[in-house]
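> A single structure is presented below for examination.
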Amino acid sequence: MSSCKTTLSEMVGSVTKDRGTINVKARTRSSNVTFKPPVTHDMVRSLFDPTLKKSLLEKCIALAIISNFFICYWVFQRFGLQFTKYFFLVQYLFWRIAYNLGIGLVLHYQSHYETLTNCAKTHAIFSKIPHNKDANSNFSTNSNSFSEKFWNFIRKFCQYEIRSKMPKEYDLFAYPEEINVWLIFRQFVDLILMQDFVTYIIYVYLSIPYSWVQIFNWRSLLGVILILFNIWVKLDAHRVVKDYAWYWGDFFFLEESELIFDGVFNISPHPMYSIGYLGYYGLSLICNDYKVLLVSVFGHYSQFLFLKYVENPHIERTYGDGTDSDSQMNSRIDDLISKENYDYSRPLINMGLSFNNFNKLRFTDYFTIGTVAALMLGTIMNARFINLNYLFITVFVTKLVSWLFISTILYKQSQSKWFTRLFLENGYTQVYSYEQWQFIYNYYLVLTYTLMIIYTGLQIWSNFSNINNSQLIFGLILVALQTWCDKETRLAISDFGWFYGDFFLSNYISTRKLTSQGIYRYLNHPEAVLGVVGVWGTVLMTNFAVTNIILAVLWTLTNFILVKFIETPHVNKIYGKTKRVSGVGKTLLGLKPLRQVSDIVNRIENIIIKSLVDESKNSNGGAELLPKNYQDNKEWNILIQEAMDSVATRLSPYCELKIENEQIETNFVLPTPVTLNWKMPIELYNGDDWIGLYKVIDTRADREKTRVGSGGHWSATSKDSYMNHGLRHKESVTEIKATEKYVQGKVTFDTSLLYFENGIYEFRYHSGNSHKVLLISTPFEISLPVLNTTTPELFEKDLTEFLTKVNVLKDGKFRPLGNKFFGMDSLKQLIKNSIGVELSSEYMRRVNGDAHVISHRAWDIKQTLDSLA
């Protein structure tokens, strides 16, 4: 892997082994000539180690580096501090441009066209005899043109450079031009990089405050930590990639090795370009000068441009883009959703200050952008009149309430697919519900961050005189870091992952494997670590305002809770509990002290778990001592009931209220009617006696008087009574006869009198036209049927048959007027009881109660939810 090599490590040197001590093979890029690379050394050893041979250029480079300090002293004495600072600032800018633009252009053309290699071959720079001369010609004396003299000089100089630099056993002509060109190229890289580093260090040194009070503070301590970390990054990076990649060797020839991800390369993407520049910011902290910080930001940013336009394209052409089929899973899911749903369009996404996937025909996009525009314009036009305290409360409440709303949706969706069910039961599709969620989530992010930006901006504006410029810039850097994290996260997991697609469309996931590509190679939950650094950046920008600290804490806590208690359990449920160790985790666990601490914690955890398990076993051991008869509650209840019935019969031999076949059947599945046999002594019977049907939970323990209404679920005991109450309550009387001692009869409760709710019920025999209870039946169960859901056709058939028996189906449509006890809610419960899904009343009204549409819609919803399981 090619890597940048600037700043601190060049002054420290490498503690790693020389690359030549390892048996490495290489080959040229175009001609595929195989060779063994020679022994080379890192930059600092090559220039300053007196035990190594030095070429002319290396001596000149070392002299140029040392001369900078003498020049600094002379200019300082003659022109003063400010002029010297700007003098070396201009030098640094020159060398930085020479690095990023100069070396960048050279490497660009070398990568695409092998320009340097072809130039060396064309002009025979590393050949014994030039290609255009025969063996008997004298190249140095017979070359009269300026061009030939020039290339003859270059040829001799380059060969002299390599011979004076390399060991005696190095055969210049035995190696291909690529390796020799690379050795010469290294010399110019040494000059530019060392000058870039030294001029920057001198500029920083001249910017350090003279007051000891300004130097010895928390900023300097943090700065030293960053510098030391930067040194470790450089040393570890050189240990991993050696100077083959340190000097962009793969632009010239290829070693037989793969891209390496070890050590510091497990901590951060492109560590030499990212965390490899933390020393810049450490020095800026020590100086406490925003001008130094701006220069450092310029140097770092230009390095990212070098990475983007030079190194990354070359790495992708040489090694591939580093993605595999698993890493592209989410992207393929996005494509699949678009392919299978023609009305689906990619969601609007806010990234930094821009919006992606804007759809001019989608109203919600205008609503989102309009909200931002209205808030911004309103703030600008009324900035003087805005009360910051009220605005703070608004930001806090908006963030908290909207987060609770978002978290509730995700939690309930994870537990029961609640959000998807809500839309399915109202006639919408699974993907449509996902689109609505995408809008809600993006609007939540846009709204909360817009309010945060407005509040922070007004805070800075109202206290600008007290704002530290360096803190302001550092805060903006943290904001940029969070924006970068968001973009890298979305790049790694695509729109599907960004919008928690596995909560809503888990049936689209073909491979149950978490991605470890991109930023997820280094962090398991980047949004939890780097996803709030920008908010803490606002704390810096506002000079540690208490209100901004409160908002930053709120952002951090809500983010942590969402990841820890909602996202992580759901991910474990979908992808399994396979523990994914991040690159940072691997590196930290590789450090011996931390590994020892981790082992101690694991041992303590195992001891605690073992003790809890042993205690649980001891506490549960008493259950085994209970007699078996006491553990069978059902059998015990049956014995109690039989004993009570026996006592009641002896006390009143002519009082009886029994359900027909109650010994055989205690659970009646609708629409099965329930027939009741009753018997009453002749002296107690009244023609107005009636029997009501009640839920046991409603009547409770009141056995003498019924204190709840029957709601129409009652029947007379005689056909001659209750003439003004319609036929329904008399037609249920199927038999009645009297003897000298008692009156007995039969009453049948069919679908016109029964409840259409699952539950435990009982019959109550009431005396006369009152609610005084004479007899109570044995409790029994009524349940809705489970219709055949094998196919949508069978489900429709069973549904229509049931509705016909209940007398609520006419012309294939549901008509609840036929049975006042079977309404829309009963139909919803019937469908839910059979197929496990629920349709909304609004949807069933919208389709005119069509049994065919309703049954097939419920079937489709079941198929969708089953695929999400």
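Placement of Cβ uses the backbone N, Cα and C atoms for every residue, glycine included.
Grabbed the feature section from Swiss-Prot, which reads as follows:
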type: MOD_RES; residues: SER2; note: N-acetylserine
type: TOPO_DOM; residues: 2-55; note: topological domain 'Lumenal'
type: TRANSMEM; residues: 56-76; note: transmembrane segment
type: TOPO_DOM; residues: 77-86; note: topological domain 'Cytoplasmic'
type: TRANSMEM; residues: 87-107; note: transmembrane segment
type: TOPO_DOM; residues: 108-187; note: topological domain 'Lumenal'
type: TRANSMEM; residues: 188-208; note: transmembrane segment
type: TOPO_DOM; residues: 209-212; note: topological domain 'Cytoplasmic'
type: TRANSMEM; residues: 213-233; note: transmembrane segment
type: TOPO_DOM; residues: 234-258; note: topological domain 'Lumenal'
type: TRANSMEM; residues: 259-279; note: transmembrane segment
type: TOPO_DOM; residues: 280-291; note: topological domain 'Cytoplasmic'
type: TRANSMEM; residues: 292-310; note: transmembrane segment
type: TOPO_DOM; residues: 311-362; note: topological domain 'Lumenal'
type: TRANSMEM; residues: 363-383; note: transmembrane segment
type: TOPO_DOM; residues: 384-389; note: topological domain 'Cytoplasmic'
type: TRANSMEM; residues: 390-410; note: transmembrane segment
type: TOPO_DOM; residues: 411-439; note: topological domain 'Lumenal'
type: TRANSMEM; residues: 440-460; note: transmembrane segment
type: TRANSMEM; residues: 464-484; note: transmembrane segment
type: TOPO_DOM; residues: 485-534; note: topological domain 'Lumenal'
type: TRANSMEM; residues: 535-555; note: transmembrane segment
type: TOPO_DOM; residues: 556-869; note: topological domain 'Cytoplasmic'
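Help me see these features in their spatial surroundings.
Residues of the same chain lying 6 or more positions beyond the ends of the transmembrane segment (56-76) and with a Cβ under 8 Å from any Cβ of it are 46-48, 83-84, 87-88, 160-161, 164-165, 187, 190-191, 194-195, 198-199, 202, 206.
The average pLDDT computed over the topological domain 'Cytoplasmic' (77-86) stands at 95.
When Cβ-Cβ distances below 8 Å are used as the criterion, the transmembrane segment (87-107) is approached by residues 6, 68, 72, 75, 79, 115-116, 185, 189, 192-193, 195-196, 199-200, 202-203, 206, 248, 251, 295, 298-299, 302-303, 305-306, 309-311, 314 of the same chain, each at least six residues removed from its ends.
Sorting each residue of the topological domain 'Lumenal' (108-187) by its DSSP state yields 52 helix, 0 strand, 28 coil.
Nonlocal intrachain contacts for the transmembrane segment (188-208), taken as residues 6+ away from its ends with a CB within less than 8 angstroms of a stretch CB, comprise 5-8, 10-11, 43, 46-47, 57-58, 60-61, 64-65, 68-69, 72, 76, 81, 84-85, 88-89, 91-92, 95-96, 98-99, 102-103, 215, 247-248, 283-284, 286-287, 289, 291-292, 295, 299.
Sorting each residue of the topological domain 'Cytoplasmic' (209-212) by its DSSP state yields 1 helix, 0 strand, 3 coil.
Note on the topological domain 'Cytoplasmic' (280-291): residues 7, 204, 207-209, 214-215, 219-220, 222-227, 230, 299-300, 468-470, 472-474, 477 of its chain, located 6 or more positions outside it, place their CB under 8 angstroms from a CB of the stretch.
Sequence-remote contacts of a segment are chain residues at least 6 beyond its ends whose Cβ falls under 8 Å from one of its Cβ atoms, and for the topological domain 'Cytoplasmic' (384-389) they are 455, 458-459, 462, 547.
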> Apart from its near flanks, which chain residues at least 6 from the ends of the topological domain 'Lumenal' (411-439) lie with a Cβ under 8 angstroms of it?
337, 341, 344, 347-348, 364, 368, 499-501, 503-505, 566, 569-570, 573, 837-840, 842-843, 846-847, 857, 861, 864-865, 868
> For the transmembrane segment (464-484), name the stretch out of 292-310, 363-383, 390-410 with the most CB-CB pairs under 8 Å.
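It is 292-310 that shares the most Cβ pairs under 8 Å with the transmembrane segment (464-484).
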> Which stretch, 292-310, 363-383, 390-410, tops the Cβ pairs under 8 Å count with the transmembrane segment (440-460)?
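Between the stretches 292-310, 363-383, 390-410, 390-410 has the largest tally.
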> Run through the topological domain 'Lumenal' (485-534) and tell me, per DSSP, how many residues are helix, strand and coil.
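Grouping H, G, I as helix and E, B as strand yields 31 helix, 0 strand, 19 coil.
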